[in-house]
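A.B. asks: Below is one structure. I have some questions about it.
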Amino acid sequence: MDSTNQTLAAEFILLGFSKDLKTNIVLFMVFLLIYLVSISANGLILVLVLINSSLHIPMYFFLCILSLLDLTMTSAIIPKLLVDLISVQRIISLIGCRTQLYFVLLVGGTECLLLALMAYDRYVAICRPLHYPIVMRWSNCFRLTALVWILTFIILILPSIGKPPKLCYPNQINHFMCEALAVTQLSCENTHSSEVIVITCFLVLFIPFLFIIASYICILTSILKMKSTRSAKAFSTCTSHVTVVVLFYGTSVVMYFGPSSDYSTKYGKYFSVLTNIICPTLNPLIYCLHNKEMKEAQRKLFSRE
């Protein structure tokens, strides 16, 4: 499609979920509750790790980063969604749309790599316990975390900033936010940008996922060689992470690699709720409920009060 024969869009209309006022009021209450839970749960993780010296280890340092990512994700999406649910016109500017898109891509891609990094931390702790203090010393943790952010920025954000797609009318986005696949449907140029995004997302999801699988194969092999008491304790430190990985990758795969592009366009916003809103809200709850050290830290915190 020749962009010279079309008018470039300066703002966009987010179609959202429904035009019915009663439905939007119910959705407003639901998403407001979810946002409050997300802020409270992720904030609790940060507070628990900061005030408990026993949690000042790499495993919980990475968990804090995960909570910050989840807070950023929900904060980049839900406030705008709440405003739109009670507004007559759901308009977002081109700059606002791109900013939201970049935040979601950066946070989502960083979380993929961070989950792989957390799996590596568990691998070293269980399979190479004598090397753990050296391999996962704080200087290495900081470098690895910085590398995760830098790689995500280079792979997902830098190409988009360097050559942003030209978006034309009709300026309606069939979504509640500026999601990558939904936005590229408005591209003026016949550059197959949707396919490029899918391939990039596939690589960002698939390569860390393979690394996670390989790490847990090694972990399970080591655990099976341990005594029952030690193996149970070792595996208990992994259950929360495994649950988060299954939840995150399960929803992401369905959203980006559905049966067809039409399927992704029509139902993508509903799977996006799971991936970008529900998962970041459930992650801290999973760690708080499944992790013994986190539950003990909660008990100490609330017993003081």
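Placement of Cβ uses the backbone N, Cα and C atoms for every residue, glycine included.
When I checked TrEMBL for this same protein, it listed these features:
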DOMAIN    41-287  domain 'G-protein coupled receptors family 1 profile'
TRANSMEM  25-51  transmembrane segment
TRANSMEM  60-81  transmembrane segment
TRANSMEM  101-120  transmembrane segment
TRANSMEM  141-161  transmembrane segment
TRANSMEM  196-223  transmembrane segment
TRANSMEM  235-258  transmembrane segment
TRANSMEM  270-290  transmembrane segment
A.B. asks: Taking all residues of the domain 'G-protein coupled receptors family 1 profile' (41-287) together, what is their mean pLDDT?
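C.D. replies: Summing pLDDT over the domain 'G-protein coupled receptors family 1 profile' (41-287) and dividing by its length gives 86.
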A.B. asks: What parts of the chain pack near the transmembrane segment (101-120), using Cβ distances under 8 Å and only residues at least 6 beyond its ends?
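C.D. replies: Contacts with the transmembrane segment (101-120): 59, 62-63, 65-66, 69-70, 72-73, 76-77, 144-145, 148-149, 151-153, 155-157, 160-161, 177-180, 183, 204-205, 208-209, 211-212, 215-216, 241, 244-245, 248, 252, 275-276.
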A.B. asks: If you count every Cβ pair below 8 Å, which range out of 60-81, 141-161, 196-223, 235-258 shares the most with the transmembrane segment (25-51)?
C.D. replies: 60-81
